[in-house]
Every structure is written in structure tokens, then in C-alpha cells.
């Protein structure tokens, strides 16, 4: 009987991974920055799987404007996983009901390290509350038919606690776990290199797919990570914000990428905060030299301002007057190589 159950479980895991298309290159869920136009942009350059931005389950259930503003879909953006944050199973289940027909899975955010997550008792601040997390996941997986995945961080520097949690999540029918190999404190100016050892150990102990996340700056870093950890796929965030073409391993002019993003933004989005945020990251190396362009973007407010900025940017490129710095957005908090 036990052997039969294991065989059925293995079959279900393979079915889920197959449904995802066995992705290798994954765009991470981010606060505000993995919106539809950006997801489509990354897909144009070999991204196999995307996540929505982190969605607040309670806001998603209560406010139609929040739902329509933060959850946008396209037939060109599949497979897609929606990520929710929260600590109330009933609310999360209600949120899932809104998206269950439009996504292949729902991910529970157990990795957000920001203070807003601490205040709301969600994200990485749930990780130390083992029983609460396991109970939450059990209530969700037992009451919905859509696959549930989780994204976690390392629990302090406690390997055993991290392994124990992952093991219990798997036993509660979580279908995939993404592991960011840093603690919640290791961010911003306190960022450290990703701990691939914990990802390796988790992959060795689990039978479900494990996705590695963290410390990928160069394309060759992907294979180094996957070869060492034996993870099933790699998930990236920051390097894609600067280089949305990163997974293609091509040398692409970032201004061409900016123009491509403009096209997608104008087709699918209206919230200008996305446009400003992405442009600052993609053009960071230019802004270190051309502070006038940086200030111009900073003073953009209406759509016409942004279209004028795009026009001037392209004119400067045509004139051959643009110069890039060696400083990159990815390394803004990191030591220079």
C-alpha cells in the first residue's frame, strides 16, 4: 500500500512538472515589478515560466480595482503562476477562486523579507513559525484543486529547520518549492552571496521539483548553480530587471529592449509606476554618466512625458552620444568584481 501511494504521488509530481513544460528559466514574482508587459518581454528572450507580482490575498478578495490592476493575463503569458501573500487560509482560498482558471498553480509567498511583511505577518516572517506555516498550507491544499507551490528563504542559518519545513510542506502536497538561499536579513546593503548548499540539501531530501534562486549575475552562473545544487530550474529577479534578455544569452542593445518594453506597456498597461521603475533599472548604466537623462526620467509624470523621454533617448543613441558606465544596477549593493 505504501509503495502504491508513492507511485501515485510520483505520477502526480511528474504531471505537474510536465504541465509547466519542465521549465529551466523562470522569472521570479516581485513586488510590483513582474507585471504583464515585463513578463511578456522576458518571455521573448527564453523565459519559460513567469509569476505574477506578489498579490496581497486580502486586498485581492476585497477590492475589484486591486484585482483588475494587479492581475492581468494574456494567452501569450503561459504557463503562469499567481503568487499570494497572507496568513489566513480562508482568505487565500477565496483569492485562489478568482484566478484558478487562469493559472497553472498558486504560489504562497514565504520569502518576502520587507518590513511590510513583518507587519502583516506573512512572507519570510512566517518561516520561523513552523506549525503555523504547515497548518496554513494544509488548510489550503486540502481545500483547493489547483496545485500549490511555495517560495521560501533560508531560515536564519539553521539548515535543519529549513529542511524540516520543506519536508513538511512536501508532505502537505506542495507541488514545488523555490529556495532563495539567503535569510530575510540578507538584503539591500546586507546582501551576501547565495548559499547553494542549503538548496543542494533540500533537493537531495525532496522528491518534488526544487527551484534555485539567488546570486545569478552571468549566464554561466546558471549552470554552475544547477550543476552543484541539482535543482530542477533557476529563478531570477534582479538580473532580469536590468537585462530582461538575460536568459537568451545574447548580446542585446538595452535601448532596443527599452523600446520593446514601451510597445508592450502601451498595449497592456496604464500604470506609469511600472514604466518608470523598469526604465531606471534597464538604463542604470547610462544614468551613471548621463545624469540629465536620469533627471528627465525622474521628472516624467504623464504618458506624454515618457514618450518624449523615449524620443530623446533614441535621438541620443542615433547621434552616438550615449556612454555607459561600468556600474550596474545588479551590483548597486555588491562589491565590484
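Keep in mind that glycine also has a Cβ here, set from the backbone N, Cα and C atoms.
Please treat TrEMBL annotations as automatic predictions, because they have not gone through curation.
The active site, proton donor feature in TrEMBL is assigned to 112.
If you look up TrEMBL, you'll see 29, 30, 31, 83, 151, 180 marked as FMN binding site.
Along the domain 'DUS-like FMN-binding' (26-316), the predicted structure has mean pLDDT 95. Under the heading domain 'DUS-like FMN-binding', TrEMBL lists 26-316.
Surrounding the centroid of the Cβ atoms of 29, 30, 31, 83, 151, 180, where the record places FMN, the chain contributes additional residues within 8 Å, namely 28, 34, 51, 53, 54, 107, 109, 111, 112, 237. Of the listed recorded positions, namely 30, 31, 112, the sparsest CB environment within 10 A is found at 31.
Here the Cβ of residue 29 (FMN binding site) has 26 other Cβ atoms within 10 Å, regardless of which shown protein chain they belong to. Residues near residue 151 (FMN binding site) in space but far in sequence (CB under 8 A, at least 6 apart, same chain), listed by position: 28, 29, 83, 107, 108, 109, 110, 111, 177, 178, 180, 213.
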